[in-house]
Protein chains: 2
Amino acid sequence: MKSIFYSRFFILLPWILIVIIVIDIDTKRSSVRNTASFYFSRLGNVQQRQDARTTRTSSVSSSSRAGSNITSPPVIFAITPTYSRAVQKAELTRLANTFRQVPQFHWIVVEDSNSHTELVSRFLARSGLRYTHLNVFTPRRFKRKGMPRATEQRNAALGWLRGHRTSKDKGVVFFADDDNTYSLELFEEMRSTRRVAVWPVGLVGGRRYERPLVENGKVVGWYTGWRADRPFAIDMAGFAVNLQVILSNPRAMFKRRGAKPGMQESDFLKQITKVEDLEPKARNCTQVLVWHTRTEKVILGNEPKLQQDSLYIEV
Amino acid sequence: MKSIFYSRFFILLPWILIVIIVIDIDTKRSSVRNTASFYFSRLGNVQQRQDARTTRTSSVSSSSRAGSNITSPPVIFAITPTYSRAVQKAELTRLANTFRQVPQFHWIVVEDSNSHTELVSRFLARSGLRYTHLNVFTPRRFKRKGMPRATEQRNAALGWLRGHRTSKDKGVVFFADDDNTYSLELFEEMRSTRRVAVWPVGLVGGRRYERPLVENGKVVGWYTGWRADRPFAIDMAGFAVNLQVILSNPRAMFKRRGAKPGMQESDFLKQITKVEDLEPKARNCTQVLVWHTRTEKVILGNEPKLQQDSLYIEV
């Protein structure tokens, strides 16, 4: 009798243990999974950072195009023209600090230079962002006061998009100058752009803000302090364009010929849209989520003529 | 014979299963754990965001003091004086975008005002950061050119730390003005400050950078373009102080009486340390990880005298 009891006990015991262990695993794993997805939803950039490590530059690999997946949200392509100056690395640093928190983000940085500079190359490689590094030199004759700026750089970025993205890719294109200030909310607003979206911009045109005036969900005019007669009285930071609109209008670009500063936005937008088709964002254009900040030019009056420090330090 | 084989098989089988399952759990769990700690080390702010939700303001609750735990790294207390102006919200926005990525971070924002302004209160509440919101008004007689700035605000923050933190709390105190540019690396450098740490600052004193000169791990002089005779020829953004040094020197503060602009740092530091005791950071003070950027004052020349827009929009 006793021996039967023991034999049954020893046969049942391990099965009971197995059941307990399996139940234990299931609860623990699902809790781990939930925690992980919580981080993910709040910090979608984690995925991106890993992507960035594998595909650093213009090469079009499958992981750099994760955003083209039907289930994932559109990739935001931010086009940033930049040029060498004392505050350049500082400006790029705070931009990257902001962009690193935007999920599904691809930074297109276009230098005004004859080749990739070491400073920008090193900076981007260490940024943890998915990026494309381009360069195009602005001819000296265009570098005068009263001339529109960064025309060649923005066009180079548009050219890159047309060469490396197709009708299968979901994306939104935004012109992110390197001295403006961007809130994270701005990127969530622009992500749903179907054709061309618009919103207010702070500290621009000599006013606290400029904004499109909206009635019944349509843009009907512009609140602006400067040249209200512009067809699109809006700053470069005030709109985003769906990638497919860029691709299906292959000749739309920023113009040098006849273009005046402040008219670049209008010249470009009228090639791809009409005022009545604009999609107002940021609660019908009543929230300022981006600011046209300007950084003071640094005066290096005390910089020694001959290098005085014992080593070269990048700033 | 056959029955013995079966009975042995059925006794052994479950034990083998248990061994397999246990091995499987161990490998999977440790990989999950590693992944999680990877996210954590890169994105320590997740914890903080949750803290921030439970303890928003000055109230000292256990979760807001998670950093005082012996095993966790010291909390970085960043003291930011701020005042109402057109670019204020933009400046705070890009600061918050940077600070949100710093683990174990506590932002002490001190307004130059008679009470908490709505703009800053709302901004902080939505920032996702652990913070303390203070205010102190600078008397009008001190608001002249040539007078040091933000003295009362920095002292209010020091007073708050002395009233709300004890010898059990691990922390590092840093003065983070609202227009500078901070890299994330800077915070990891300062976190190990035992007494007073120093490092280079970019775009300051009319030079590309200023820095402490280091020999054999000790500060032996200053590379600066302006008043090299200062005892500590360093900008406010160029040093951090261990919390315990602040607490054990309860009378150390920023001075109005006899203080000149540019001498505040020296006046303060000589109350708590000596040059030979400074701890050089950023690879013996050869890396620029913070920039003394200045934002252009906004000209609102086109702002209408009477409110012209149909609603009030915060900028």
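We count from 1, first residue shown onward.
In case you wondered, yes, glycine gets a Cβ from its N, Cα and C as well.
Per TrEMBL, the feature active site, proton donor/acceptor maps to B:GLU265. The UDP-alpha-D-glucuronate binding site annotation in TrEMBL covers B:PRO81, B:THR82, B:TYR83, B:ASP112, B:ARG149, B:ARG154, B:ASP177, B:ASP178, B:ASP179, B:HIS292, B:THR293, B:ARG294. Per TrEMBL, Mn(2+) binding site is recorded for B:ASP179. Summarising the annotation, TrEMBL assigns N-linked glycosylation site to B:ASN284. According to TrEMBL, the feature site 'Interaction with galactose moiety of substrate glycoprotein' maps to B:GLU210, B:ASN302. Positions annotated as transmembrane segment by TrEMBL: B:6-25.
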Across all chains shown, how many C-beta atoms besides its own are within 10 angstroms of the C-beta of B:TYR83 (UDP-alpha-D-glucuronate binding site)? 18
Under 8 Å Cβ-Cβ from B:ASP177 (UDP-alpha-D-glucuronate binding site), six or more apart in the same chain: what's there? B:THR80, B:PRO81, B:ALA150, B:MET236, B:ALA237
Looking at the binding-site residues B:TYR83, B:ARG149, B:ASP179, B:THR293, whose Cα is closest in space to that of B:GLU265 (active site, proton donor/acceptor)? B:ARG149
Which one is it: of the recorded positions B:GLU210, B:ASN284, B:ASN302, whose Cα lies the shortest distance from the Cα of B:THR293 (UDP-alpha-D-glucuronate binding site)? B:GLU210
Out of the recorded positions B:TYR83, B:ARG149, B:ASP179, B:GLU210, which are near chain A, with a C-beta less than 8 A away from one of its C-betas? none
Would you count the other CB atoms within 10 A of the CB of B:GLU210 (site 'Interaction with galactose moiety of substrate glycoprotein'), including those on all shown protein chains? 26
Using a Cβ-Cβ cut-off under 8 angstroms and a sequence gap of six or more, which residues of the chain neighbour B:ASP179 (UDP-alpha-D-glucuronate binding site)? B:GLU91, B:THR293, B:ARG294, B:THR295
Can you check which residue among the recorded positions B:ASN284, B:THR293, B:ASN302 has the largest number of Cβ atoms within 10 Å of its own? B:THR293
When the Cα-Cα distance from B:TYR83 (UDP-alpha-D-glucuronate binding site) is computed for each of the recorded positions B:GLU210, B:ASN284, B:ASN302, which gives the smallest value? B:ASN302
Ten-angstrom check, please: count other Cβ atoms within 10 Å of the Cβ of the residue listed as 'active site, proton donor/acceptor', all chains counted. 21
Proximal residue to B:GLU210 (site 'Interaction with galactose moiety of substrate glycoprotein') among recorded positions B:ARG149, B:ASN284, B:ASN302 (C-alpha distance): B:ASN284
If you pair up every Cα among B:PRO81, B:THR82, B:TYR83, B:ASP112, B:ARG149, B:ARG154, B:ASP177, B:ASP178, B:ASP179, B:HIS292, B:THR293, B:ARG294, the residues annotated as binding UDP-alpha-D-glucuronate, what's the maximum separation in angstrom, rounded to an integer? 21
About how far apart, in whole Å, are the alpha carbons (Cα) of B:ARG149 (UDP-alpha-D-glucuronate binding site) and B:ASN302 (site 'Interaction with galactose moiety of substrate glycoprotein')? 30
